[in-house]
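This report refers to the structure that appears directly beneath it.
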Amino acid sequence: MSQLREIQEEITRHEQQLVIARQKLKEAERTVEVDPDDVNKSTLQSRRSAVSTLEDKLAEFKRQLADVISRQKMDEKPVDPTGIELDDHLKERSSLQYGNVLDVNSIDIEEPSGQTADWLKIGSYIIEFALPIILKALHMLSTRGRQTVKENKGTRIRFKDDSSYEDVNGIRRPKHLYVSMPTAQSTMKAEELTPGRFRTIVCGLFPAQIMARNIISPVMGVIGFAFFVKDWADKVKAFLDQKCPFLKAEPRPGQPAGEAEFLSSIRAYLMNRQAVLDETHLPDIDALVELAASGDPTLPDSLENPHAAWVFACAPDRCPPTCIYIAGMAELGAFFAILQDMRNTIMASKTVGTAEEKLKKKSAFYQSYLRRTQSMGIQLDQRIILMYMIEWGNEVVNHFHLGDDMDPELRQLAQALIDQKVKEISNQEPLKI
């Protein structure tokens, strides 16, 4: 009964606040009609926001009130001796007990979770900001990503920096960068920034700046990304000049020297792949690339670009839209995703536990990357990923950070010293280092 009274009091209080807020909104509207300057417009916007927030809270309290009243009515109803709820369609009692009631009022099925992001709007929003706040936010959502998401889950956070501001009648006002931190039940709007979308768009727009500041996500750091991208341009050139296992060009009489070799190279295979990608362009992504090309962003134009691989330095969960139509780029991201799965499989294999516990430690970065990237309108060429793995797989795996770099002899000696000291001071069994 006390809960019902508390909700009723909250409804009364919010209704009073709403009346006052609506009066202030009317006053602000009249002020803007008389003097429509930026300060008055800003005040009007904040008044509208306050009214909207109060209306939402009031509606939520009314829903809670209805739920409490409904629950009380259900409690007052006589219990059916069969144990079946009154509105259950079963004729006989189920072997399962009744569980929680899941309230789906807040879910908007017009904008389902997992929908394709509006990359043009997201990119346009990001490009408006100064580079320092973008890179600092990227650092917080990649290098410190896990902690940032954990501390702010279920909220819409604002990044603030002195480099990001706007002038309103000569008054400097902070310009915040908004990012939503969804929970598993959250529904995201197409133009709404989440940590995954933020990393994706920023990595695609500013790879040269990310390379210059050496911003690398921990999940990329542990697979040896910094080692792998060293001398990237030379590494890719050598790769592209190699013979492609999927092309066979027979020399023809009178053919110029080296033409047959070129036509059977990996470079020729990627040129064919580029021709296929050129036919799959989406207008929104083309518009985003044009918008980015006219400003500060540093989009890679080919796989051989020195900062091309840095598009994936912060582990975006899909290929960034700004380079999705460059042959080999989407596949390079898939290659990195496979490497992450390979490292996690190695780590799971060496841990102690049951087979089921080890399986839980495996990851599915590749499947997630594949699904998200293909939702943007392209199919990945698995042959290119295979060629990457043949060429670089062994080299990268040998540079994985597996968290166990202690020399076996050093470990054995250290353990012997631990065992000896523990026996001297106690009768307990010494732990393993």
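Here the Cβ of each residue, glycine as well, is placed from N, Cα and C on the backbone.
As recorded in Swiss-Prot, the features of this protein are as follows:
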REGION    1-50  region 'RdRP binding'
REGION    1-79  region 'Homomultimerization'
REGION    1-175  region 'Viral panhandle binding'
REGION    1-100  region 'Chaperone activity'
COILED    4-71  coiled coil
REGION    80-248  region 'Interaction with glycoprotein N'
SITE      D88  site 'Important for the endonuclease activity'
REGION    100-125  region 'Homomultimerization'
SITE      D103  site 'Important for the endonuclease activity'
REGION    150-175  region 'Interaction with host RPS19'
REGION    175-217  region 'Viral RNA-binding'
MOTIF     178-181  motif 'YxxL'
REGION    188-191  region 'Interaction with host UBE2I/UBC9'
REGION    377-425  region 'Homomultimerization'
REGION    377-433  region 'Interaction with host DAXX'
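Sorting the region 'Interaction with host DAXX' (377-433) by DSSP state (H, G, I as helix; E, B as strand; all else coil) yields 34 helix, 0 strand, 23 coil. In three-state terms derived from DSSP, D88 (site 'Important for the endonuclease activity') belongs to neither a helical nor a strand segment and is classed as coil. Here the motif 'YxxL' (178-181) is broken down by DSSP into helix, strand and coil counts: 0 helix, 4 strand, 0 coil.
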